[in-house]
Amino acid sequence: MDNKLPKHLGLIMDGNGRWGQRQQRSRLFGHQVGLQHILTVLPICFRLGIPIVSGYLWSLENWRRPSAEVAHMRHLLRTLGPPLMRMLHAQHVRIVHSGNRAGLTPKELAIIDEAVTLTQYNGPHTFNIVFNYSGREELVHAARRIATERIDPAEISEQLVNAMLSTPMPDLDLVIRTSGECRLSNFLLWQSANAVLYVTDTSWPDFGQRDLEAALRYYQEALCMPAHVRAVAEGQEPYCV
Ligand code: IPE
Ligand code: IPE
Ligand code: MG
């Protein structure tokens, strides 16, 4: 690939349940394989030159799923979470978390916090675990912080709002959603304001290097859009004819 690569890639890792069922197994099996599949895809992203990846693991809305599925997801976090984090640490990946702390058990918080602390000096690659997350809730939370800290309205800027998010991140350049649905499902709404959105029919557990390269080609073609459109996306004043 040439050098026009996203600096921050968002992955909406969808389709695990359907994939499990297509294997004549359960949706829960699909979740397990999907979680482990992160370890396959992340090194490909980093090797191709993408430094930051945000992966959507579980939304606030996902807690409304059937109790067996919710219990299984909590079980997977407890059992697969720590080895997964250690393997990422061994690859020098820095781990950060976007999402609510409220609603997680002390054990779940400890797993996330230990991973963040353990890997805080790693680099140059970052994996943002988007877990227990809602884009709208993140913005509500930021608004509450601004009000609580009694910040002068004149001081409220995009930079300030960004700093109030659960983990301030650079803007997303490209968001890939697997498994066919063309929607954001409340994923990093603020951060994806100018992102290119790419949807593939491939389910997350089948997503590999070819799919990623197809997405990157789509992204590079999108960057070739007319200059006045690109100017807006890059935050510059559009020129008028
Ligand atoms: C995405 O897979 C991962 C999570 C939400 C945990 P799904 O569980 O949404 O799988 P599908 O979309 O129903 O197939
Ligand atoms: C989005 O997928 C959330 C994750 C991938 C974690 P969902 O399957 O939950 O989204 P909807 O319900 O189809 O919008
Ligand atoms: Mg889904």
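Cβ atoms are placed via backbone N, Cα and C, with glycine included.
Feature annotations, courtesy of TrEMBL:
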type: BINDING; residues: D14; note: Mg(2+) binding site
type: ACT_SITE; residues: D14; note: active site
type: BINDING; residues: 15-19, R27, H31, 59-61, W63, R65, R177, 183-185; note: substrate binding site
type: ACT_SITE; residues: N62; note: active site, proton acceptor
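The two recorded residues, L184 (substrate binding site) and the residue listed as 'Mg(2+) binding site', show a Cα separation of 11 Å. DSSP assigns R177 (substrate binding site) to a strand.
DSSP assigns L184 (substrate binding site) to coil, not to a helix or a strand.
A separation of roughly 15 Å, to the nearest angstrom, links the Cα atoms of L60 (substrate binding site) and D14 (Mg(2+) binding site).
Classification of L60 (substrate binding site) by DSSP places it in coil, neither helical nor stranded. Secondary structure from DSSP puts D14 (Mg(2+) binding site) in coil.
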